[in-house]
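TrEMBL lists GLU114, GLU348 with the feature active site, proton donor. According to TrEMBL, the feature active site maps to ASP255, GLU369. Here TrEMBL flags THR472 as Ca(2+) binding site. Annotation source TrEMBL lists compositional bias 'Basic and acidic residues' at 518-540. Per TrEMBL, region 'Disordered' is recorded for 514-553. Feature annotation from TrEMBL assigns signal peptide to 1-23.
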Amino acid sequence: MQRFLGPLLCLWALRLPAGSAAAARGLDVASYRERVRAMFYHAYEHYLESAFPYDELRPLTCDGQDTWGSFSLTLIDALDTLLILGNVSEFQRVVNVLQEGVDFDIDVNASVFETNIRVVGGLLSAHLLSRKAGVEVEAGWPCSGPLLRMAEEAARKLLPAFQTPTGMPYGTVNLLHGVNPGETPVTCTAGIGTFIVEFATLSHLTGDPVFEDVARKALKALWKNRSDIGLVGNHIDVITAKWVAQDAGIGAGVDSYFEYLVKGAILLQDKELMSMFLEYNKAIKNYTKFDDWYLWVQMYKGTVSMPVFQSLEAYWPGLQSLIGDVDNAMRTFLNYYTVWKQFGGLPEFYNIPQGYTVDKREGYPLRPELIESAMYLYRATRDPTLLELGRDAVESIEKISKVDCGFATIKDLRDHRLDNRMESFFLAETIKYLYLLFDPDNFIHNDGSDFDVVVTPYGECVLNAGGYIFNTEAHPIDPAALHCCRKRREEQWEVEDLMREFYSRKKTKKFILKRAPNHGEGESAKDPEDASSEKAGEKRNSKKSSHSLLSCPSQSFNSKLAVLGQINVGLYLLPENHFRKRP
């Protein structure tokens, strides 16, 4: 398996000349990057002025509203985007604001799914990026910290939802009282299977296995209840495990379940999760794929129930790229791009045979999914068509959606009527993926040639090496951080062996050392020469290397992924015949 994966991972890590593909089509990448930055601040500043501390901005009336639980949600969702745009000072200010102003001990009915992906995911990502943003972190970081404690508190408020006979969670929980007695037991598939990224990260950082355990149990419950032809439906009763809505597809109500099987497999190096996805992928291709479109079918029979494309399905080409299926991903992406060109956005539902919108589903709430796929595929191919989608998105959103107080949801793509809402995911996802598409040198795209080493109570830990895993709200999680807070001896040996190899080659980048708690509170950044005296003469230098420290053939697959986070594409545990064309 490693023999098969090694060359592919090396090819993926190659850094192509920035802007070369764009130049071929005359697209000014830097100019569009700055326009995206300006879009962010137009929306963000009006949220602060007109809507904070409410969850979201109402851009047509220049005021705010609570939507998902009264968490100042847009501020949490936008936090890591601030750092990706390079605004360290505002990131630091917002961290303080959130610590002082957000309270989860409130009598509010909250979506378990949305609270997890937006609040828990946003806080975890910000916690892991805090040192990079210049925040003065406490002793023990990344295994402790105020944002981590906030994420843990929010996640614990969700745990009562998982107390069902099947282990599949209710869709809604009261943050003060738990699950309401009359709560419906019917939950969508995505609302059950979209926890492993955040909850496993939380378990690894805090040492409490309960979060990962409930997330895994929910995933396996869905897997156990798939149909005989390998498909899952849209909604299920979490008490009886009976399918209530039996439409099977890759879009709304199901989407992020498949996404989290892949991303969970990559994040956790989990063969079982990837195997589950690959089995689903076979069934999806066999029963729902037609001419590079994906339709909705009856989960037990495989007969077509809805010949529609939903805008939420546009994440799929990006997910295909994560398993290395780039050719199929590009063909499907180009189908979706034709819909964008037709309307200047993706309608929520598009009737494929008729080539037009579906009644009462003509809107576009500035969703990110097609842009997300473009970002992933551009990293894989450098195809300038993907930059052209980014260009078209900027032009369309600015022309149709921009208003004096931000950017408004497009209620109807046919006549460009607007709705008085700006979802928090516009700043968390849409803007972020657009910016990363036009910013090839962003730290998020790090190929492992630069990294930090921190000293934790559990030993040395490699961070910021790249390979970030985006949760379904586009909050990046550093996979290497999951190995910072555990005492597994074999893992420690693996890290130490890798570090010795780096030291002996004298290609170390930079080291940020932190005192362990028994050395006193606070932190100190030390010179390599100072550090050497504490490591029995072990020499360290901070010289910049001219190429990646990774040498794909010389390091084991698990070591490279687990320690350095080199998992941008997730060519992970795939059989050697995976890329063979279907007959």
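Including glycine, each Cβ sits where the backbone N, Cα and C put it.
Nobody curates TrEMBL annotations by hand; they come from automatic prediction.
Positions of the features from TrEMBL, shown on the structure.
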{"residue": "GLU114", "record": "active site, proton donor", "contacts (Cβ under 8 Å, 6+ apart)": "TRP68, GLY69"}
{"residue": "ASP255", "record": "active site", "contacts (Cβ under 8 Å, 6+ apart)": "ALA190, LEU312, GLU313, TYR315, THR472"}
{"residue": "GLU348", "record": "active site, proton donor", "contacts (Cβ under 8 Å, 6+ apart)": "GLN310, SER311, LEU312, VAL358, ARG361, GLU362, GLY363, TYR364, PRO365"}
{"residue": "GLU369", "record": "active site", "contacts (Cβ under 8 Å, 6+ apart)": "SER311, LEU312, GLU313, ALA314, TYR315, GLY318, LEU346"}
Let me check the 10 A CB neighbour count of THR472 (Ca(2+) binding site). How many other CB atoms are there?
25
